Amino acid sequence: MDKSIPIKAIPVACVRPDLVDDVTKNTSTIPTMVSPVLTNMPSATSPLLMVPPLRTIWPSNKEWYDGDAGPSSTGPIKREASDNTNDTAHNTFAPPPEMVIPLITIRPSDDSSNYSCDAGAGPSTGPVKRGRGRPKGSKNSTPTEPKKPKVYDPNSLKVTSRGNFDSEITEAETETGNQEIVDSVMMRFDAVRRRLCQINHPEDILTTASGNCTKMGVKTNTRRRIGAVPGIHVGDIFYYWGEMCLVGLHKSNYGGIDFFTAAESAVEGHAAMCVVTAGQYDGETEGLDTLIYSGQGGTDVYGNARDQEMKGGNLALEASVSKGNDVRVVRGVIHPHENNQKIYIYDGMYLVSKFWTVTGKSGFKEFRFKLVRKPNQPPAYAIWKTVENLRNHDLIDSRQGFILEDLSFGAELLRVPLVNEVDEDDKTIPEDFDYIPSQCHSGMMTHEFHFDRQSLGCQNCRHQPCMHQNCTCVQRNGDLLPYHNNILVCRKPLIYECGGSCPCPDHCPTRLVQTGLKLHLEVFKTRNCGWGLRSWDPIRAGTFICEFAGLRKTKEEVEEDDDYLFDTSKIYQRFRWNYEPELLLEDSWEQVSEFINLPTQVLISAKEKGNVGRFMNHSCSPNVFWQPIEYENRGDVYLLIGLFAMKHIPPMTELTYDYGVSCVERSEEDEVLLYKGKKTCLCGSVKCRGSFT
């Protein structure tokens, strides 16, 4: 945790002066990346928010299947024979997903003079009017007949025209983006994808999500360019080919070589812009800083082998040899835990040093191109190979700065190493605390939620996983499962998991946060903020990372110097993570609420007892958010705090979430918002507000 240093309040205008005029903006629409802050306690003003969304990515050809959603029920989309042997779009197969609709749709007033509490830092979408009768998802609802799942027309969710939809991305931002716009596009695409997974869309999910976003103007960096792409950083990862297309990293939907068209070449000159490796073609080899890339083509329309020709992408790569221009390289790798899932790693700028021809295994001519990585770039593919060796060869104790093999001492299913690469001679371990893998139940019972104990437990599931709408636990989640393949589908005011009275098995899809770590996490020493937490594994947006475990406290019990305190009453920066109904031709009132309004303040201290969650530091631009989880055990109801990935997170990236601030005030002189926290923030984000807690 960040070191505690008393500080003075910092005006918000010092951080983002452009935001001050937007305080009264209607937050029911989607900001590009800015929206007001939330808190439990009303205040006289409404603060601004400065939180980036998340990144998301996917592929766009016949093999566009969603690893989260499973294969299309209609089978692959046929396309014409390609000259491109480097078509690296991937297949991903998994069962179709489910998703969530909120039970508690408590939403703040549009009155900008009031703040509202946002547990995970989520925006309100305005009040939702409902007719009289039992609220949707009511705990005492007893359906008289089995519910039938809604059947969707595959064409009813496909956008044909933009209409009056405002993507809030200007023409200039569409052509040339920035970090904020790229994050927004990736987040919004993935939210649509998750929604399509939830309803088991019968056609290709990724193609539908991509097409809708493109037609509705949710895209950026459409101008083709040589060199760096604004808003995209070396080391960024993408789970789907088409994500790279939406944010302008790789514009070719099918080919592994992206190059200027004939018309563009007349202006820019013929050259290659980006290549994506597949790691599966003859003669293609990959070193940490070099790449031998196979040319494209080599088959006719019937799939028969033939000589590759010096045209298209091959001609562009040849031109880049003499031109000496930068070429972006994206490495396609197999997911470490899902053999049918690919991940794409942006590895930075390369130069095409030479090319030659060989006779391939088919007996026909093939081209080879050698690309060399430019120096002084952050490591990307090299980090992937390092953690791959750690996972596969168990080299923990031989690592630089190794201190302890397992900080949990066997309490977790996966070991939690402790390393200090900042000072290898310092073998000090974190201060004394008892490691607990999950929340201590004592004091965590949610007496505030008065459940009918006779209705607890999904008795009608009969020892089968909860997969149908007649399950009482599914009904509490709005008739849809909250997770799919261990991925959170929507943020909600509260998520209900199966508990002790439920006869469903331990592998039930609604039992996630209770079942412990599923990622290879490690605790490491940071340069400025003490101990931190990171993962060996790539993390997809929505992935459960860990629980924040500790002891439930009252205000009176909290110690002044407790740096390991989780507090739901803080003011959190808001961001939008759930999908926009308009991007799927749904009514705006169907928006799933992200506003969290717990009936009482929740304080959890991990100072004396805790798990890896206690080592997750604060950031004003976090990559993790928190979500309240409720479950029942032996007739009592308990509240847990789950920490989930906000966006795709590359391996060995520090995991951070927003700790919140104590209050936000408006200065009397110039109406500038002031964020007041007790500790100086050292997160280093461009949107750092200067303080926290």
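Including glycine, each Cβ sits where the backbone N, Cα and C put it.
Quick look at what Swiss-Prot annotates:
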REGION    64-99  region 'Disordered'
REGION    111-175  region 'Disordered'
DOMAIN    227-373  domain 'YDG'
DOMAIN    454-516  domain 'Pre-SET'
BINDING   Cys458, Cys473, Cys498, Cys502  Zn(2+) 2 binding site
BINDING   Cys458, Cys461, Cys466, Cys471  Zn(2+) 1 binding site
BINDING   Cys466, Cys498, Cys504, Cys508  Zn(2+) 3 binding site
DOMAIN    519-660  domain 'SET'
BINDING   Cys620, Cys681, Cys683, Cys688  Zn(2+) 4 binding site
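Features as recorded by Swiss-Prot, highlighted on the structure.
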| residue | record | DSSP (3 states) |
| --- | --- | --- |
| Cys466 | Zn(2+) 1 binding site | coil |
| Cys473 | Zn(2+) 2 binding site | helix |
| Cys498 | Zn(2+) 2 binding site | coil |
| Cys504 | Zn(2+) 3 binding site | coil |
| Cys620 | Zn(2+) 4 binding site | coil |
| Cys681 | Zn(2+) 4 binding site | coil |
| Cys688 | Zn(2+) 4 binding site | coil |
Taking only the residues in the domain 'SET' (519-660), give me the average pLDDT of this model.
94
Among Cys458, Cys466, Cys688, the one of these binding-site residues whose Cβ has the fewest neighbouring Cβ atoms within 10 Å:
Cys688
Which binding-site residues from the set Cys504, Cys508, Cys681 come within 10 angstroms of Cys498 (Zn(2+) 2 binding site), judged by C-alpha positions?
Cys504, Cys508
Compare the C-alpha of Cys471 (Zn(2+) 1 binding site) with the C-alpha of each of the binding-site residues Cys504, Cys620, Cys688, and give the closest one.
Cys504
In DSSP terms, helix, strand or coil for Cys458 (Zn(2+) 2 binding site)?
coil
Are there residues of the same chain, six or more positions away from Cys473 (Zn(2+) 2 binding site), whose CB falls under 8 angstroms from its CB, and which are they?
Gly457, Cys458, Cys461, Cys466, Tyr496, Glu497, Cys498, Cys502, Cys504, Thr510
Non-site residues, in chain order, whose CB comes within 8 A of the mean position of the CB atoms of Cys620, Cys681, Cys683, Cys688 at Zn(2+) 4:
His618, Ser619, Ser621, Leu682, Gly684, Ser685, Lys687, Arg689, Gly690, Phe692
My understanding is the cutoff is Cβ-Cβ under 8 Å with a sequence separation of 6 or more in the same chain; which residues meet that for Cys508 (Zn(2+) 3 binding site)?
Cys461, Pro465, Cys466, Cys498, Cys502
Hey, for the Zn(2+) 1 site built from Cys458, Cys461, Cys466, Cys471, who else sits with CB inside 8 A of the CB center?
Asn460, Gln464, Pro465, Met467, His468, Asn470, Thr472, Cys473, Val474, Cys498, Cys502, Cys504, Cys508, Thr510
Is it possible to list how many residues within the domain 'SET' (519-660) are helical, extended or coil according to DSSP?
11 helix, 55 strand, 76 coil
